[in-house]
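One structure is given here, and the rest of the page talks about it.
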Amino acid sequence: MAQSKPVKKIVLAYSGGLDTSVILTWLKETYGCEVIAFTADVGQKEELSGLEEKGIKTGASKVYIQDLRLEFARDFIFPAIQGNALYEMRYLLGTSLARPLIAKAMVEVAEKEGADAFAHGATGKGNDQVRFELGVKSLAPEKTIIAPWRIWNFGGRSDLIEYAKSKGIPVSITVEKPYSMDRNLMHISYEGGILEDPYREPDEKMFLLTTSPEKAPDAPEYLELDFQEGNCVAINGKKLNPYEVMEALNTIAGKHGVGRVDIVENRLVGIKSRGVYETPGGTVLFLAHRDLESITIDRDTQHHKDKLSIEFAELIYNGHWFSSRMKAVRAFITETQRYVTGAVKVKLYKGTCSIVGRKSSVSLYNPKMATFEKEELYNQKDAEGFINIYGLPAQETARLRKK
């Protein structure tokens with residue numbers, strides 16, 4: 001059953017594929033209202049030409065296709081890198097970062113068009129339904145949200161195909177891939193189908209962004225990444241905007257097989273899910289940025305930030321991009337990045353990204369203090385008093401418990 005609350009105009013997150021094409025027609029049929037299709041270009045590399053015509057033929061009153069690649073890199077990927085966001089210590093959150101941006105853009109279209117409802121094609125078992133809907137609830141709490149997969153009676157792909165045929169929906173019926181794929185500027189994710197067996201190795205033909213490490217170039221490639229306040233602004237001296245940085249690093253690091261991850265992660269809804277990810281550019285940025293922090297942020301601030309990065313990643317993964325807690329966490333992260341300026345030299349070789357050098361005009365690393373040679377600034381005799389005070393709790397605990 002559909003929601004009882006009447007709606008007048010719906011903005012649908014639309015890809016032009018089987019699911020959202022069926023949803024478009026089903027929404028019009030079920031709610032008897034105008035449906036506006038919205039497509040975001042977040043670097044998925046899909047053919048977007050002809051999508052507007054397809055949406056209109058399927059029944060959309062209007063089709064919006066927005067290029068959000070620069071905004072995605074600048075306002076979502078780069079802040080995640082600044083915060084060292086890594087979910088469960090392994091996942092760089094590519095899909096999680098794109099969803100709040102799409103929700104934000106859909107809200108803007110809804111306000112422009114006077115729409116009072118949103119619809120999406122996320123299933124009731126995944127994380128994306130939460131991310132989309134929390135985004136809308138945070139930005140447009142008065143709007144209605146429609147999630148067809150939680151409402152209708154279609155059981156799966158075969159039911160959708162039959163419905164599409166019966167309604168004359170213009171979709172190309174192809175052999176279903178043995179897994180699902182989601183691509184954007186940050187990564188490509190693969191899950192489901194044959195990948196549901198966590199012991200089965202992925203087929204090498206599956207990977208689109210990265211060369212097999214075994215077949216990667218036999219010579220390493222070195223890059224110098226320039227950072228300003230935690231953001232990469234140049235590669236090998238060439239100034240680039242955030243979108244260009246991601247495009248360049250995806251190509252270069254992908255050629256060397258960098259950024260493959262095969263994990264089982266804990267979904268927000270409580271299900272464990274196997275995911276295989278290609279994140280070449282994001283991997284290089286993550287490692288280089290964290291390394292630069294090691295010479296530009298003091299110890300106590302860095303340690304606290306490292307702890308907060310776990311919470312930051314969970315907030316992103318769980319769809320809380322626009323929450324008050326996220327704003328507070330990001331404010332702290334932004335403050336820590338004031339001096340994260342400098343250059344990092346990385347070495348790419350057969351699936352690995354190694355940091356081989358770093359420098360900064362505001363570095364806290366003092367070779368005169370760190371030297372193993374005759375010191376000028378550090379008096380080793382001072383260490384004895386420090387250790388006596390620092391070790392006092394341990395010493396007293398041991399002494400008193402021996403009584």
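The backbone N, Cα and C atoms fix where each Cβ goes, and this holds for glycine too.
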From A40, A110, A115, grab the residue that Swiss-Prot records in the same ATP site as A13, Y14, S15, G16, G17, L18, D19, T20, S21, G121.
-> A40
Here the binding-site residues are Y91, S96, N127, R131, and the Cα closest to that of A13 (ATP binding site) is found at R131
At the Cα level, what's the spacing in Å between S180 (L-citrulline binding site) and S15 (ATP binding site), rounded?
-> 14
With every protein chain in view, how many other Cβ atoms are within 10 Å of the Cβ of S21 (ATP binding site)?
-> 27
The record names A13, Y14, S15, G16, G17, L18, D19, T20, S21, A40, G121 as the residues that bind ATP; what is their largest Cα to Cα distance in Å?
-> 17
To test your reading of the L-aspartate site: which residues beyond T123, N127, D128, same chain only, put their Cβ within 8 Å of the Cβ centroid of those residues?
-> A122, K125, G126, Q129, V130, R131
Measuring Cα to Cα, tell me the gap between Y277 (L-citrulline binding site) and S15 (ATP binding site) in whole angstrom.
-> 21
